[in-house]
Each structure stands twice: as structure tokens, then as C-alpha cells.
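Since the structure comes first, as C-alpha cells, the remarks are kept for the end.
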Ligand SMILES: Cc1cc2nc3c(=O)[nH]c(=O)nc-3n(C[C@H](O)[C@H](O)[C@H](O)COP(=O)(O)OP(=O)(O)OC[C@H]3O[C@@H](n4cnc5c(N)ncnc54)[C@H](O)[C@@H]3O)c2cc1C
Ligand SMILES: NC(=O)c1ccc[n+]([C@@H]2O[C@H](COP(=O)([O-])OP(=O)(O)OC[C@H]3O[C@@H](n4cnc5c(N)ncnc54)[C@H](O)[C@@H]3O)[C@@H](O)[C@H]2O)c1
């Protein structure tokens, strides 16, 4: 006999989008229930952002040891033990998971363990005098009922036709994070975010890496100059690239051989397939993240667009506030726009961006202006020994529309970059702000000083 349970909203999936929605909903006095078939925290915490960045931090330490003599410090890199790197990453994940579990408990949020399915048949909706009508989610034998449902089931790795992921030689990022021994060589299929982050970490650990990318450049969603700078940096680091070469076939025996268009073949111990992630269903949402079914919302990777944890957080918070406002008549929240969301790729060098790229800005506004400030002129970047630049895109005589960065640690600059673009600051306003010396944030200051017509450390 199915049990009935009454809540204000049922959230299916407790990843970044789902748990953020639950936390905010509870804060607003709603009674959410979270349905999760695995661990709260989802992809980002267990198989994504956190473990990969822990591995990339270990990679940075390996590089620091290897390159130490450049700074007059004679350290030697004896070996990298991937099992121990994994233990370190697991310990970080474990602490954060414990913290999150405690947070969910402290807000008295019920968590139902199991696979949730929204009932969409005719008897799923009970005739109710109020709107929206009650919705039902089945979890095994249990039926949960609430006027609002939030779908937050995320995405999983895509594969390609004819490509069998065996978890041993042909891996997704999930498998790659569970490796305990380093391969001698690896092919990374896909030069997007996951591809370049793994390529970067593995190279730092001494692996021979080849990245195969179908489009004409790495990180094709970034500015073309950023792709070029990354390609140059990868070349210097000994990472091989086959760019503009879609994979044609894969042969697996005692190694993996990938054939790309034009007949080139490359072999390695393992192949990481990083050709994007897809949700397990297609949902269409309006600007307020409501699906075609009244009272049913979707958040996070399930919603077409950027697949980022902080977008999931923002979606989750938005939907909780939206539901509270529909229920209580409180002010409705502002929709989340992908254009306002900062993105960071944690490869070496790092890439960070927010707002419009040059081409998109030109298409939208016609007359635009750009300025690129090289990190060669930035003291802190010179101390770190990094190359790169800050590119600012502004509307002609207007506000800043986008900021794009590459270089060591530039991810930390994206906070200021997003304040500038999201507050639609003018270069002269940013130029009036004093940046501490010597910091990399000065590069942002310098770019805006130049755009405001008063360049400081700029040659020519
Ligand atoms: C290797 C890697 C690195 C990444 N690095 C970053 C990064 O550095 N920064 C960043 O911003 N983003 C990063 N991402 C992306 C980020 O992980 C996702 O954007 C984010 O996790 C999406 O959150 P979500 O809530 O939509 O889905 P998820 O986090 O995938 O959560 C969905 C949850 O739903 C559960 N679920 C699914 N179906 C059901 C069901 N029917 N019933 C019950 N439960 C269900 C799943 O078990 C899962 O826990 C990375 C992703 C990967 C793979
Ligand atoms: N730092 C971060 O924020 C971070 C880190 C990792 C993942 N993520 C998110 O996870 C999502 C998935 O990442 P991803 O790197 O798998 O996807 P992606 O879309 O970023 O990159 C996939 C790449 O694979 C290429 N590709 C597709 N088919 C190919 C083929 N047949 N042969 C060769 N190349 C091919 C594409 O052109 C593309 O460049 C991204 O949307 C990203 O936002 C974010």
C-alpha cells in the first residue's frame, strides 16, 4: 500500500540545484522534501568540481616541485602516487559531504532515499480548488504529494555512436577520477572544459597526453585568442593536440587507438571521453524555470545552457523564492541569466570569463570596443612566472559587456570581473577604483584605465 506524504515541494535530485533549492525553501518557511537515489551533493561534490579541483591542486604542487629550481629552490619530484592523490581528494569530498548533510539536517529537511519519478498520467493530478493542483512523485512504493515539484536530476557523460565506454581503457570523467595508477599515456577526446582540465592534471603528473578536438580550437566556447593562448601553453607543456579532427573510430586491444578525420591515428593506454554531458530527459522551461506542466520546475544541468554548479545553486534559490512568492505574495525573484554567470576552467593556465565575447557583443550592439592587457605588465604575474592576458569588451562609449582572462590563478579575478559586467560599470568607473599592488587584480584595473583613456603600465 503506497504511503502518502504532504509537503510544499518535492525536489527530485539533491545535487547543486536540488539541495540549494531545499535549503532556501526551508529558510523561507516552506516544507521541502529531497529525493535522492545516491549521495546528497550530486555530481559537483562527488564526481565533478570538488574532486577534480583537488586533483588539479595536487598537479600544481607537482609542477611547483618540478619547476622549483627556476625560483632558486632545489626540490625534487620523486613520484606521484595517484592512489594517495585520490585519498586526499576523497578526504576533501568527505568533509564537505559531512558538512552538507549536517546543514540539510539542521534545517529539518526530509531526505527520501530512492529514485523519484514524476507521475504525469491523468490520475497524477487530483482535482483541487486551488492552483497549482497537487503533483505526485513516486519513489519505489512511496508516493509523495505536493503542489510544487522541482526536477533537479542533472546530467551524465555523453558518449558517441560506436564508442563503448568499458571503464578500463575507455573512460568517462567518473572512471578517470577513480584511477589509482597513472597511465603512461592518455588520449583525451574533447578539448572542452573537462578535457583540458584532465589533460592539464595528467600532464603535470608526467603522463603523455594527446587532446583530440573536433572543432578548430580548444575550449571553443571561449574567445579565439584564449584558445590560441591555451594551445600555445599546452604545446610548451608537452601536451599534444589534434585540433579540427573529429574522431572517426576507436580500436581497443592492449592499448586504445583513435583514428581521426584525415587518417591520422594515435594510440595510448587509456582514452578519456569528454564530449559533453546530457540530461536523461529533455525539459523545456520558461524564463521562470517552469516546465510545460504548471507547478513543475527544472533547475541545474537539466535546463539547457551552461552546465555549472553555481548556475544550479542560483536556479535552486530562484525557484524556492518563486514558489514562496506564489504562495505568500512576497516579491518575485529576478530570473537567472546565463550571460551573467562567471565561468572558470581550472587548467594550467586557468581561464575565466563573464559576459559577452567580442563576436556576440558585436552582433548584439554593433559598435563595440575591446582592450587586451598582457600579464607581462603585471608584477604579481611576473613573480608567479605566468603569461596571459585580460580582454575587456565594452559597448562603444558604453558599459563593459564582457571580461575574458587567461593565466595562472585568474579564476580568482572573476569575482571582480562579474561585478563590473553585472553592474554594467563604465571603464572610467572601474578606473577610479584602486587595486592593491602587487596583485593580479591590478591587470583588471590597468585594462580599465586604458579603456578610460589613461593607460599606466602599457607599452606603445
Ligand atoms: C568532471 C566534472 C568537473 C566539473 N567541474 C565543475 C567546476 O569546477 N565548476 C562548476 O561550476 N561545475 C563543474 N562541473 C559541473 C557541475 O558538476 C554540474 O553543473 C552540477 O553538478 C549540476 O548540478 P545539478 O544539481 O543540476 O545536477 P547533479 O549535481 O548532477 O545532481 C543531480 C542529482 O540527482 C540525482 N538523481 C538523478 N536522477 C534521479 C532520480 N530520478 N531520483 C532521485 N535522484 C536522482 C543524482 O544522483 C544526483 O545526485 C563539473 C562536472 C564534471 C562532470
Ligand atoms: N571548471 C568548470 O566549470 C567545469 C569543469 C568540468 C566540467 N564542467 C561542465 O561540464 C560540462 C561537460 O564538459 P565537457 O568538457 O564534457 O563538455 P564541453 O561541451 O565543454 O566540451 C566537449 C568538447 O568535445 C568536443 N567533441 C564533441 N564530439 C567530438 C568528437 N567526435 N571528436 C572530438 N571532439 C568532440 C566538442 O567540440 C567540445 O569541445 C560542461 O558544460 C562544463 O560546463 C565545468
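From the backbone N, Cα and C atoms, a Cβ is placed for every residue, glycine too.
Same-site candidate for NAD(+) binding, as annotated by TrEMBL with 190, 191, 192, 193, 194, 195, 196, 197, 213, chosen from 121, 140, 276: 276. Here FAD is bound by 53, 116, 153, 154, 155, 301 per the record. The longest Cα to Cα distance in that group is 30 Å. Cβ neighbours of residue 154 (FAD binding site) (same chain, under 8 Å, six or more residues apart in sequence): 13, 15, 17, 42, 43, 279, 300, 301, 302.
Across the residues annotated as binding NAD(+) (190, 191, 192, 193, 194, 195, 196, 197, 213, 276), the widest Cα-Cα separation comes to 14 Å. Averaged across the domain 'Pyridine nucleotide-disulphide oxidoreductase dimerisation' (341-447), pLDDT in this predicted model comes to 97.
Residue 437 (active site, proton acceptor) is 34 Å away from residue 194 (NAD(+) binding site) when you measure Cα to Cα.
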